[in-house]
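Participant: Sharing a structure, written as structure tokens. Questions coming.
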Amino acid sequence: MQKMDDDSEAVSEWKKLKKTLTVNKPLIPLKLTMLLYYGASSLYLPYLTLQMQQVGLNIQEIAIIYSVLPFVTCIMPPLAGMLADKFNRYKLVLILSVSLAVLFHTLLLHVDARISPENSPVRNVTEIPASVYCGRTGAVLRLGNESCSTSTTEKWLGYWTPSECQPVACTNYQHMRMRLCSPSGNCTQITNKSTSKLEVELVLETFLTDTKGISGECTARILGLRTDQTPLPSALLCNCLIQCPLTLMKSSTPNQEPIDDALSDEMKETDRLKHNRGFWMYFVLRILASSSLATSFSMLDATAITMVKKNDGDLGKQRLFGVIGQAVFAMVAGILLDWTVELQGDPDYSILFYIADGLCVLVVLLVSRLDVDVERLESGNLMSGAKRLIRLIDVDFFMLMMLLLGTCWGFLESFLFVFLMELKANSYLLGMTVTLGCVIGVPFLYISDMIVRKIGSVNVFVIAFLIYCIRFFGYSLIWDPWLCLPFEALEAVTVHMMAVASSMYCAAAAPPGLLATLNGAVGSVHYSFGRGLGSFIGGILMSNYGTRNTFQIFGTAAGFCGLTYFILHRFYLVKIERLRLRRKSERIAEVIASGVEPEDEPEEEEFIIPPDNLLGRRKSCF
């Protein structure tokens, strides 16, 4: 008897090994679809914030767009999922969403909210390098002696990048504080790590004459400094002595003032109208692009879950090809951006967008060849099935955790590259950060199904929160951009394994015919609403507390959420899940024993993954 048991175990192990080594041919088109579409998304998503700055939007307008995006884009994925479930048209909805994402992302490249050179208030200008020295009592302008006698104006137009400021008498760079204070006493803090180029108008105390400093340069005290955020001339104050390079614009035409008031007002009004028109065009297109992209991700996940179940595959192994696509094309993106910088001095993001468009065309062709067998809604009433999901308390908490995890992810996706650019990271490193997270994620995804079934999806979510906590605090402590790579490697857990756990949770909790609906709702909560919420909250915190303090605030919040969810699930939610699964398993056992469906039984929840395979907390997707 013992020998027979040993033989059966050996056969079972051989079957598992054979299944692992065998290529599941029906899933090859799905693997290629994952490879190309996730690769295309790695060319879109990481560079959208930088592309917004390149088209002329400032940090406040970027924050406004990110604050509105979650409320709009979270509608499309569940709505598309409900339509796909209602009419059993997964492939059609997926093809339409991918096509629209390509169209709207390409149109973003043709929006221009920048000030045109021909509309500049100063024509035929010469750039003069200068420096602003700021302290507790005010600021002075200093420029070379050869430029002092060429103009006798009290008003100058210039351009200034706060991130280029350096401490002169500060203890370190971290303690630098700069403010613009109006005559009424209202002060606006300047983020000294902002890489945006600001247009400023300087009002000087006296004409620039032969007054010389120690180094032979002429100086003049700055009475006021005006930007688009401070319409009135304001005093520039710093908590310690800070030196900022500044480029002055001087008319190269003899006897012409650098700023003509009438011409300046007319040109500024033209620029304002052009900028506002560009902002609203980008705003509308970005909403449509993000909605389509979020819908395509949720529909691709629902399609993958359905095909994996039909062909006895592993979801993690399908996502593995998506990670490989992200790694390869993210590295290609970094190389291409560095190449464009060498050629023209600035990164050209349009190349990445057009390559992503070509990949999405191949994705559409592959999706049309997928064999998707959709389970039909048993009750025939989509809304009644959705109400059954809403009444599940554990599913409601699961949706809340997806929102909070999406908030952490959205903050990093929106501002990590901005932070690395402030640390003077090159485009190659930006691509390397994505690639490293993907490469490390490959072995995790290969065994992700086994890990999730072993420790449970909830424990994976808790671990993801704690890893986010480590990542946030780690970023806040680095000064060399290359030191971000160890923390980017942890993305294998916070993004890839968490996504597999989320999809398996949806497959376990969704009644037949409602997989796309639940998966779309989870996708919208995490990738749309959560991402936008993280970007919005992060933008506000960064403008008030600085980048590093914001990372630490997010790290504290992530750790608190993880511990709270672990305690809540351990002592409350797990009892609800076990009770529901036990009732379902007992009902199935009665049917198998009697061979007859019992009558007058209360309606129980249906699951795509049979509850027989979910008994026990450690073997459950929960």
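Sequential numbering from 1, following the chain as shown.
From the backbone N, Cα and C atoms, a Cβ is placed for every residue, glycine too.
Those TrEMBL annotations? Automatic predictions, nothing curated.
If you look up TrEMBL, you'll see 28-552 marked as domain 'Major facilitator superfamily associated'. If you look up TrEMBL, you'll see 28-50, 62-80, 92-111, 279-300, 320-337, 349-367, 397-421, 427-446, 458-478, 498-518, 525-545, 551-573 marked as transmembrane segment.
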Participant: Mark yes when the transmembrane segment (320-337) and the transmembrane segment (397-421) have three or more Cβ pairs under 8 Å (sequence separation 6 or more) and no when they do not.
Facilitator: no
Participant: Answer yes if the transmembrane segment (28-50) and the transmembrane segment (498-518) have at least three CB pairs under 8 Å among residue pairs 6 or more apart in sequence, and no otherwise.
Facilitator: no
Participant: Would you say the transmembrane segment (458-478) and the transmembrane segment (551-573) are touching, if the rule is that at least three C-beta pairs must lie under 8 angstroms and be 6 or more residues apart?
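Facilitator: By the criterion, they touch.
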Participant: Given the model, what does the mean pLDDT over the domain 'Major facilitator superfamily associated' (28-552) come out as?
Facilitator: 77
Participant: Under 8 angstroms, Cβ to Cβ: which one of 92-111, 279-300, 320-337 has the largest number of such pairs with the transmembrane segment (525-545)?
Facilitator: 279-300
Participant: State the residues, same chain only, that lie 6 or more residues beyond the ends of the transmembrane segment (279-300) and have a CB under 8 A from a CB inside it; answer 'none' if no residue qualifies.
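Facilitator: Apart from its flanks, the transmembrane segment (279-300) reaches 33-34, 37, 41, 44-45, 48, 52, 55, 57, 61, 65, 68-69, 72-77, 80-81, 84, 90, 93-94, 97-98, 100-101, 103-105, 107-108, 111, 113, 516, 519-520, 522-524, 527-528.
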Participant: Quick one: do the transmembrane segment (427-446) and the transmembrane segment (320-337) have at least 3 Cβ pairs under 8 Å, skipping pairs fewer than 6 apart in sequence?
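Facilitator: Yes, these stretches are in contact.
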Participant: State the residues, same chain only, that lie 6 or more residues beyond the ends of the transmembrane segment (92-111) and have a CB under 8 A from a CB inside it; answer 'none' if no residue qualifies.
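Facilitator: Same-chain contacts beyond the flanks: 37, 44, 51, 55, 80, 83-84, 278, 281-282, 285-286, 288-289, 292-293, 295-296, 299-300, 303, 349-350, 353-354, 356-357, 360-361, 363-364, 367-368.
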